[in-house]
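J.: Sharing a structure, written as structure tokens. Questions coming.
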Amino acid sequence: MKNMSQRSMDVEKKAANADSCSVSTSSINVDDADVALRFLKQNGLDESSTANEDDVVAGEEANFYGSHELSPKVLRKVDLFILPFLCCTYLLMFLDKALLNYAASMGIKDHLKGNEFSNLGTIFSAAYIFMEPVVTYLIQKFPISKILGTFITVWGIVLACHAACKTYASLMVVRTLLGLFESSSAVGCIAISGMYYTKSEQSARIGFWATQAGTGYIVGGLISFGFLHYHGTAFTSWQIMFLVVGLVTVAFGVLTFLYLPDNVTNAWFLNKEEKIQVVEHIRANQTGLETKKFKKQQVKELFLHDKFTWPMLLLTACSQISTGAIGTFSVTITGTFGFDKYETALLQLPIGAITAMIILITTQMLSRWGHITLITTSMYIPAIIGCIVLISLPLSHKIGNLFSLYLLYSGSCVITNIYIWNSCNTSGYTKRVFRNAITMIVYNVSCIIAPQMFRAYSAPRYIPAKIALLVTQCVCVPLQLYIGYICKKENEKRDKEQEGQERKKYQFLDLTDIENRNFRYIY
């Protein structure tokens, strides 16, 4: 209680400095504040020189849609120069990781025995988990574009090195290295999305780049189908596939290093007036842009004082068991239905279309209407139905089993909504990037556990694994509703606290969502 009281006193000190009615930003320690505040100060602006945006659009509507309208021309410029980097990063991350799945039908399993193929998926996720806290700290301390560009380039080199692998041990080495360097991708994309867009816009834009998971299925299916027709002697078809995609990834990594801006304030494609417009536009998020000062108290708050942390991590773990399962074994499972290797490769294409469609529809609904709790809850229902049918139907029912497998991707796509929840419902830059990090850690724990459920003894039906998928998807429904309920109650509590009071300007002080009582959660 004493620690909480001290934290409250610290917050009040910061809040007093942020009162736009009496104090300008010159009285604020800008080293502790967000980079946006330093940018405004350098350009002769402060909190008191801007309009009272909260008077234009108030409450949760301003918190979600933004209260300072951004010129469509400027928004299009941001989309034109930022979204392609995010989309390509996520596409290559997903594709490069999933190539192992496609290589399963191209002969990579011919010299593997027992659970060695499962272990290749597991070691990738284990390395990802190990590296995630490190890369999160690097993103906090150094320019995000340089970190992303470097990591993408190196993972492209590692991917190309798969072509030289001829033994299980060498494959384990490159899969470990790939996991280490791909750990930068998702957390980096989420952080960048929060710098340029309001919460409503983030829902749509995160949807756009997360849709590339579906595109990855389509591209991967086409690539693997094409390379299946390669019959060289020096290299196998899967080795050539890894080499080509790896070189493409290297080229994109170099472009990212050179041309991706670190944040709004040094975006080379915006002039000074446009940068100010974007900064004012995202003010209502109450999350700011970024700060390079690591704040350990925000990490402590995340783990010890934030009531959303552990329910969200449990939700991530349960919902993404399906992702780990079908991400590594969809080709293998499809093959058990009686399709040959060419048909199996082509049947991955509808998976991409289904994934892209689910993500695009649900995120556009979130962007327009909100209601993330109800929309996300509805996504578990098709997955539950798919699990039940897969358990019940014999393998001879090809079409029924295939359609049921496709239904599982509805639950898998929930990870996009979790990205959105993290980005929109977390304030304090250190806290936000570490929330994204632990989400990705738990995501990869699920990806470690899931392939191990598909044991060789249970082939070809894998009934124990399918039952585990059913149970975890069912658990997600009440858990998702509970998280939405506590978000709603917290907003109501803060509304009651502030009845009849004038709201102070906290937006760019890098306060957390708990410290900043103006902050409202989307649910």
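Keep in mind that glycine also has a Cβ here, set from the backbone N, Cα and C atoms.
Under the heading topological domain 'Cytoplasmic', Swiss-Prot lists 1-79, 198-207, 261-312, 367-371, 422-432, 488-523. Taken from Swiss-Prot, the feature topological domain 'Extracellular' covers 101-118, 163-176, 229-239, 334-345, 393-400, 453-466, and the record attributes it to sequence analysis. Positions annotated as transmembrane segment by Swiss-Prot, on the basis of sequence analysis: 80-100, 119-139, 142-162, 177-197, 208-228, 240-260, 313-333, 346-366, 372-392, 401-421, 433-452, 467-487.
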J.: What is the number of residues in the topological domain 'Cytoplasmic' (422-432) that are helix, strand and coil, as DSSP sees it?
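T.: DSSP composition of the topological domain 'Cytoplasmic' (422-432): 7 helix, 0 strand, 4 coil.
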J.: Against the transmembrane segment (433-452), which of these stretches has the most C-beta pairs under 8 Å: 80-100, 119-139, 346-366, 372-392, 401-421?
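T.: Against the transmembrane segment (433-452), the leading stretch is 119-139.
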J.: Honestly, do the transmembrane segment (142-162) and the transmembrane segment (208-228) touch, with at least three Cβ pairs under 8 Å and pairs 6 or more apart in sequence?
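T.: Contact between the transmembrane segment (208-228) and the transmembrane segment (142-162): absent, because fewer than 3 Cβ pairs are under 8 Å.
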J.: For the transmembrane segment (467-487), which partner among 80-100, 119-139, 240-260, 346-366, 372-392 gives the most CB pairs under 8 Å?
T.: 372-392
J.: Okay, the transmembrane segment (346-366) and the transmembrane segment (401-421): do they have at least three CB pairs under 8 Å, pairs separated by 6 or more?
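T.: Yes, the transmembrane segment (401-421) contacts the transmembrane segment (346-366).
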J.: If you average pLDDT over the topological domain 'Extracellular' (453-466), what do you get?
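T.: Its mean pLDDT is 85.
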J.: Counting CB pairs under 8 Å, which listed stretch among 177-197, 208-228, 240-260, 346-366, 372-392 touches the transmembrane segment (80-100) the most?
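T.: Out of the listed stretches, 208-228 contacts the transmembrane segment (80-100) most.
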J.: By a Cβ-Cβ criterion of under 8 Å, what residues six or more beyond either terminus of the topological domain 'Extracellular' (334-345) are in contact with it?
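T.: For the topological domain 'Extracellular' (334-345), the far contacts come to 102, 105-106, 221, 224-225, 228, 395-396, 398, 401-402, 405, 459-462.
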J.: Could you break down the residues of the topological domain 'Cytoplasmic' (488-523) into DSSP helix, strand and coil, giving a count for each?
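T.: Residue counts for the topological domain 'Cytoplasmic' (488-523) by secondary structure: 10 helix, 0 strand, 26 coil.
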